[in-house]
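Trainee: Can you keep this structure in mind? I'll have questions shortly.
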Amino acid sequence: MGRRYFGTDGIRGTVGEAPITPDFVLRLGYAAGKVLAGSADVAAGSRPTVLIGKDTRVSGYMLEAALEAGFSAAGVDVMLAGPMPTPGVAYLTRALRLSAGVVISASHNPYHDNGIKFFSADGNKLPDDTEAAIEAWLDKPLECAPSDGLGKARRLDDAAGRYIEFCKSTFPAAFDLRGLKLVIDCAHGAAYQIAPHVFHELGADVIPIGVAPNGFNINDGVGATAPDALVRAVRANHADLGIALDGDADRLQVVDATGRLYNGDELLYVLVKDRIATDGKVDGAVGTLMTNLAVEVALQREGVKFVRAAVGDRYVLEQLREHGWQLGAEGSGHILSLDRHSTGDGIVSALLVLAALKRSGRTLAQVLDGVTLFPQKLINVRMKPGADWKGSASIRAAIDAAEAALAGSGRVLIRASGTEPVLRVMVEAQQAADAVRHAETIADAVRAATT
């Protein structure tokens with residue numbers, strides 16, 4: 001039976017609508033607490049402890065209180081980190097040897113959405129069987145622990161400072177950032193106090209933007225999903241580089257002094273090239289079905305195997321573990337470097353990119369010279385609910401014709417949305433006109449067959 005609530009990145013939705021309601025989140029905390037209390041990892045007679053962090057959405061206060069109440073009712077102690085990037089919660093959970101970590105965030109979504117995601121004691125996302133066990137407990141009545149068995153809650157002292165020191169520890173001790181002017185866009189999100197300190201303490205001249213959260217402006221015209229604000233700030237301040245994080249700081253985009261934007265695909269190539277220079281070789285790297293073909297070709301030219309995972313950092317992580325590799329990324333800016341952190345971390349990834357540039361003495365444009373991204377055309381086609389697009393001969397014929405015309409110099413990717421009756425048609429080609437033409441032809445075939 002499929003999962004009812006957990007998606008690829010926890011539970012997410014619009015605040016006030018199921019399942020992101022205070023009563024459900026209280027029961028979720030209770031259910032998760034009961035699963036943790038029954039875990040073999042909890043020593044006999046001891047009480048599990050979980051860490052809760054959140055981003056800056058106004059609803060975070062309500063959901064934090066609901067989670068805290070649920071955990072307490074299950075007999076689980078709670079530590080409150082306050083505003084904390086998702087990767088910060090993962091790190092602190094592992095470093096403090098806690099039973100689990102919980103993040104209240106909807107990442108890059110607008111303020112009226114929110115979500116809950118969990119980390120295991122080792123700082124990784126929960127395995128599927130644990131999520132299934134939590135869902136099973138949601139169906140059971142809530143039976144509050146006796147008064148002498150209730151969980152307690154307290155604030156974690158200097159949570160931000162601990163995470164800042166961890167981030168700095170991933171940057172080579174032989175380097176610093178003196179002489180660099182950096183614009184840091186924190187998306188009015190969880191890293192608004194943390195990220196500027198990290199780069200400043202390493203010596204950079206930091207110009208922070210997106211650091212005035214009011215509960216309603218997270219990701220609003222700023223951050224990794226709205227990089228125009230960063231481009232303008234870099235140009236206006238004559239900065240060397242700009243770094244944009246999203247609301248929970250697990251992804252990034254980078255802008256150079258000219259205002260050119262670099263996505264996760266390109267940054268993955270930069271990091272792989274750096275590892276080749278320092279370690280002699282890189283066995284392989286992981287991208288997704290959406291990774292630009294030019295990056296795959298460039299990595300293979302360097303002798304690096306490349307594997308495509310399904311879209312989602314969870315699936316990139318699965319492939320990295322399966323192959324025993326370290327580096328993976330999504331074009332959206334989720335970058336995994338498993339010898340540095342157990343999860344995607346926008347701040348740490350930015351530091352890795354800066355270290356790579358320091359070591360090479362080159363700019364991003366110079367490192368990526370010869371890697372020209374193929375133009376992509378994405379068309380979202382709305383279908384009738386339940387339409388059988390896979391069984392359509394006309395759609396199959398349009399796809400086959402496009403693939404034959406591209407003949408290895410491009411790609412066709414057809415992917416159904418997991419949340420709405422939409423088919424995503426993406427074509428990648430060396431020439432933009434070819435990508436547009438083939439995408440529109442396939443989209444027309446989809447419309448004719450499914451609407």
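Any Cβ shown, glycine's included, is placed from N, Cα and C.
The Mg(2+) binding site feature in Swiss-Prot is assigned to Ser107, Asp246, Asp248, Asp250; the stated evidence is sequence analysis. For Ser107, the entry in Swiss-Prot reads active site, phosphoserine intermediate, with the evidence type sequence analysis. As annotated by Swiss-Prot, phosphoserine applies to Ser107.
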Trainee: Counting only residues 6+ away in sequence within the same chain, which have a CB under 8 Å from the CB of Asp246 (Mg(2+) binding site)?
Mentor: Ser107, His108, Ala187, Gly189, Asn219, Gly223, Ala224, Thr225, Leu252, Gly333, Gly346
Trainee: Take the mean position of the Cβ atoms of Ser107, Asp246, Asp248, Asp250, the recorded Mg(2+) site. Which other residues of that chain put their Cβ within 8 Å of it?
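Mentor: Sorted by sequence, the hits are Asp55, Pro85, Thr86, Ser105, His108, Gly189, Ala190, Ala224, Leu245, Gly247, Ala249, Arg251, Gly346.
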Trainee: Return the residues near Asp248 (Mg(2+) binding site) by Cβ distance under 8 Å, restricted to its own chain and a separation of at least 6 in sequence.
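Mentor: Sequence-distant Cβ neighbours: Asp55, Pro85, Thr86, Val103, Ser105, Ser107, Gly189, Ala190.
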Trainee: With every protein chain in view, what's the tally of Cβ atoms within 10 Å of the Cβ of Ser107 (Mg(2+) binding site), excluding that atom itself?
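Mentor: 28, counting other Cβ atoms within 10 Å of Ser107 (Mg(2+) binding site).
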Trainee: Looking at Cβ-Cβ distances, which residues of the chain lie under 8 angstroms from Asp250 (Mg(2+) binding site) while being 6 or more apart from it?
Mentor: Pro85, Thr86, Pro87, Ser107, Asp313, His334, Thr343, Gly344, Asp345, Gly346
